[in-house]
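S.K.: For 43-447, the entry in TrEMBL reads domain 'Amino acid transporter transmembrane'. The transmembrane segment annotation in TrEMBL covers 71-95, 127-148, 168-188, 195-216, 236-255, 276-296, 319-340, 368-388, 394-412, 424-447.
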Amino acid sequence: MGTLLPTSTSEVRENLEKANNSLQIDQQQKDVDAGALFVLKSKGSWKHCGYHLTTSIVAPPLLSLPYAFTLLGWTAGIFCLVIGALVTFYSYNLLSLVLERQAKLGNRQLRFRDMARDILGPRWGRYFVGPIQFAVCYGAVVACNLLGGQCMKAIYLLSNPNGSMKLYEFVIIFGCFMLILAQIPSFHSLRHINLVSLVLCLLYSACAVVGSIYIGNSSKGPEKDYSLKGDTENKLFGIFNALSIIATTYGNGIIPEIQATLAPPVKGKMFKGLSVCYAVVTVTFFSVAISGYWAFGNQSEGLILSNFVDNGNPLVPKWFIYMTNIFTIVQLSAVGVVYLQPTNEVLEQTFGDPKSPQFSNRNVIPRLISRSLAITISTIIAAMLPFFGDINSLIGAFGFMPLDFVLPVIFFNLTFKPSKRSPIFWLNVTIAVVFSTLGAIAAIAAVRQIALDAKNYQLFANV
């Protein structure tokens, strides 16, 4: 007879670490608030983490990358796309290492604002990081509502060119769909939906690439012109608008919340999840940006799918446009629900009771009411302010730049305290300074663009 015992010291250490981490989580959950207990359940694997990350990063805003290239040109466009990939992959891994370090010290941080509070001080978490993250994530929910409505309207007009339905009606229809998905109880519960989302982003990106190449090789496409449009001032501000779009496309803003869904021990799991995510990022971002800009040049629209129709005439088969838009609409619903999670966590922290079961009337009724209100408000905002491109730029400059490019390197330097003579210290300082400056200028450029477009703004406009 034999007993199953660990065969090495490393296995013993690993088993002890798992036991200690489990006890730690159990102890934390005794005193934890309802938002962390019910929304940020720590049950996922690295694969689930990869699904969450992919849904939060590889989203329909990537279809605006050819437009960003119209403001940058070939060389600068590809360079910025590469830098964005390298810096965000690096920053997200630094953020993960900081979270792992804190967990090892017995202080597992579940939220971005928790990190800011513990590393920078309570005021930073409460008055800077918390509000910015909430605005960015809720703004992403609004943008998903709007883009979903635009895709639905595109399908409608293609099948019924003289139809009388307005954009805000489609935004409301999409909002009703989101209203149902918003009731999914926890972030971890989204893992299967986000696996489907991963497949969908590959499908509509492939459709965008195939459609662009088809039109670019046919006589139906526009004459290719890759020159930058506008005078010197417009070109300069256009560069910073493009940087905001690219930052938004690579943006995440919820890395700590995604890592919080991992079952302990968390060591190494986030890197695997990020590797899955960035494999998809590399395939989709570069193929869509390059093929779209190659096919349409400086006439690329804010959403490349708009280039597939010219004055109501489809340049590719109708069924192809229907299929592409349907893939996009379905994935948008998953993206919107993912970015709703920080809002859900705040709402449950406020109205939930951690001492009562998650599915008791005491928690279900407040959850149903608060989440329904959150989706209703985002739908109304999207219907009232249908200007996706401008919103996209402002979100990137205002939120994603500090959350995804600046704060991770600052957190790493303050947590690990690398020597001031080490390359990593100065690399992090350089990233923080450069992207802080770019973020400030890009915010000014985004506000300027909104001011220029203000004459075309109209509440509930049918754009």
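Note that Cβ sites are derived from N, Cα and C of the backbone, with glycine treated the same way.
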S.K.: Need a quick answer: max count of Cβ pairs under 8 Å to the transmembrane segment (236-255), which of 71-95, 195-216, 319-340, 368-388, 424-447 is it?
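M.R.: The stretch with the most contacts is 71-95.
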S.K.: Taking the transmembrane segment (276-296) as the first stretch and the transmembrane segment (71-95) as the second, find out whether 3 or more Cβ pairs fall under 8 Å, excluding pairs closer than 6 in sequence.
M.R.: yes
S.K.: Decide whether the stretches the transmembrane segment (368-388) and the transmembrane segment (195-216) have at least 3 CB pairs under 8 angstroms, with pairs required to be 6 or more apart in sequence.
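M.R.: In this chain the transmembrane segment (368-388) does not contact the transmembrane segment (195-216) - fewer than 3 Cβ pairs sit under 8 Å.
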S.K.: Run the contact check on the transmembrane segment (71-95) against the transmembrane segment (195-216): 3 or more C-beta pairs under 8 Å, excluding pairs closer than 6 in sequence.
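M.R.: Taking Cβ pairs at least 6 residues apart, the transmembrane segment (195-216) and the transmembrane segment (71-95) are not in contact, as fewer than 3 fall under 8 Å.
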S.K.: In the same chain, who gets a Cβ under 8 Å from the transmembrane segment (195-216) while lying at least 6 residues past its ends?
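M.R.: Tertiary neighbours of the transmembrane segment (195-216) are 50-51, 54-55, 58-60, 62-63, 66, 224, 280, 283-284, 287-288, 291-292, 294-296, 304-305, 307-308, 315-316, 320-321, 323-324, 327-328, 330-331, 334-335.
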